[in-house]
C-alpha cells in the first residue's frame, strides 16, 4: 500500500467519508551551499522522494481536526475562532497549529478542515521532515480553500511557524525547496531575494544520502556561535552579510581579522562561489567538476568552519574511494553528525553500499549507517 493509499484509508476510518483531496510535500537534501543561507548566500538543494502526505476535507464548523497516522492516530482539535497556542502534550501538533496561526496572520480566508497526516521523511536525519510537514499543511489548506498564496508565501509561512511558534531557528531553504522543487532538477536559491533557478540533474545519476547515525550533539550551541562569528566578519567589512564580501578583497585583508573569525568567513565566501559554479556544472552534466566542488566544500567545512566529526569524514572518504571522479560526496546539513550526500552514476550505488557497510563500522565505534537512494522530485502539490 502506498503512502497515499495508507493515508486515505486512515482518513476513511477516522472520519467515515472520503477525503476531498490528498496532497504531498517532500523532504530535501542540500547538494552544496552549507551555512550560507543565514549569510544571505546561495544554496543548491533538491527535493527528494520522501514526503509528508495529507488527506483532507473541508468541515462545516470552524475547527481543525488533525490525526497523526504515524503517532498511533493521536488527535488534535482546535478552533479557528480562539487564540491558537502550543499543544500541552504533542510536539507534532505545534507544527500544524503554527502553520494555521500564521496563515491567519496573513489574513488568509479559510474554514475548518479534517486532516490525516502521514510521512516517510526520516526524522532527525537533517532531511527536513519538519519543513515538509509545514509546507504540506499550508498546501492542504491552500488547495481546499483556493487561497491566493504563492509557493514562496507558503514557504515563508512555514518558516515563520517554525521560528516563532515552534521556537526553532531556521533559514528559508528547507521550506522553499519543499514548496518549489521540480522533478529531476535541483534548485539554486538566492537566500536574500528568494529568486530560484531550476538546474537539471544529469540522467542516470542517483542522489545517495547516508546517515552516519552520529547524533548531532553540539549543533544548536555551535550553530549560534558560527552565526555570531559570521556577523562579526560582516561588520568588519561594513556589509549587511558575508554574501556581499568580494573574495579578492577578503583574501587581501583576511589577516586583519581574528584568525577563527577569518576561517569562518573564508568558508562562507568560498562556499557561495562554489555553489554558483556547481549550478552551472550540474546543468552541463559535468560530474567531475561537481565532484571537485563538493570535495572542496567538505574540506572547507572540516578545516575552516570546523563542523565535521571523524566518523563523517571517514564516511566521505569511503564513498570517494569508490566513485572517484565519477561523482561527488560531502557532509550535508548543520554538522557534528547527521548525513552525507553523494551524487553518482546509478551503476555505482550497490558498490558504494557494500563498501560503506563493510568499512564504516570500524571508523564509527561500531555504528552502522542508514542508506537512502533518492531521485530529485517535484515540490508540494496534489498527489
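Backbone N, Cα and C atoms are what each Cβ position is placed from, and that goes for glycine too.
As annotated by Swiss-Prot, site 'Transition state stabilizer' applies to 28. Here Swiss-Prot flags 34, 35, 36, 37, 223 as substrate binding site. According to Swiss-Prot, the feature ATP binding site maps to 124, 125, 126, 127, 128, 129, 130, an assignment based on sequence analysis. As annotated by Swiss-Prot, Mg(2+) binding site applies to 130, 162, with the evidence given as sequence analysis. Taken from Swiss-Prot, the feature active site, proton acceptor covers 174.
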Which residue, of the binding-site residues 124, 126, has its CB surrounded by the fewest other CB atoms within 10 A?
124
Cα-nearest neighbour of residue 127 (ATP binding site) within the listed recorded positions, 28, 34, 35, 37, 223
28
Between 34, 37, 162, 174, which of the recorded positions has the fewest other CB atoms within 10 angstroms in the structure shown?
37
Among 34, 35, 162, i.e. the binding-site residues, the one with its Cα nearest that of residue 129 (ATP binding site) is 162
Neighbour count, 10 Å Cβ-Cβ cut-off, for residue 125 (ATP binding site): what number do you get?
23
Neighbours of the substrate site 34, 35, 36, 37, 223: Cβ within 8 Å of the Cβ centroid, same chain, sequence order.
33, 38, 39, 41, 43, 171, 226, 268, 271, 334
Check the recorded positions 28, 35 for other C-beta atoms within 10 angstroms of each C-beta and report the one with the most.
28
Of the residues named as substrate binders, 34, 35, 36, 37, 223, how far apart in Å are the Cα atoms of the most distant pair?
12
Across all the protein chains here, work out how many other Cβ atoms are within 10 Å of the Cβ of residue 128 (ATP binding site).
29
Return only the integer: C-alpha distance in Å from residue 124 (ATP binding site) to residue 35 (substrate binding site).
18
Inside 8 A of the center formed by the CB atoms of 124, 125, 126, 127, 128, 129, 130, which other residues of the chain have their CB, for the recorded ATP site?
27, 121, 122, 123
Looking only at C-alpha atoms, tell me how far residue 126 (ATP binding site) is from residue 174 (active site, proton acceptor), rounded to the nearest Å.
10
Using CB atoms and a 10 A radius, I'd like the single residue among the binding-site residues 36, 129, 130 with the highest neighbour count.
36
Have a look at the binding-site residues (127, 223) and report the one with the fewest Cβ neighbours inside 10 Å.
223
Residue 130 (ATP binding site): which of the recorded positions 28, 34, 36, 162, 223 have a C-alpha within 10 angstroms of it?
162
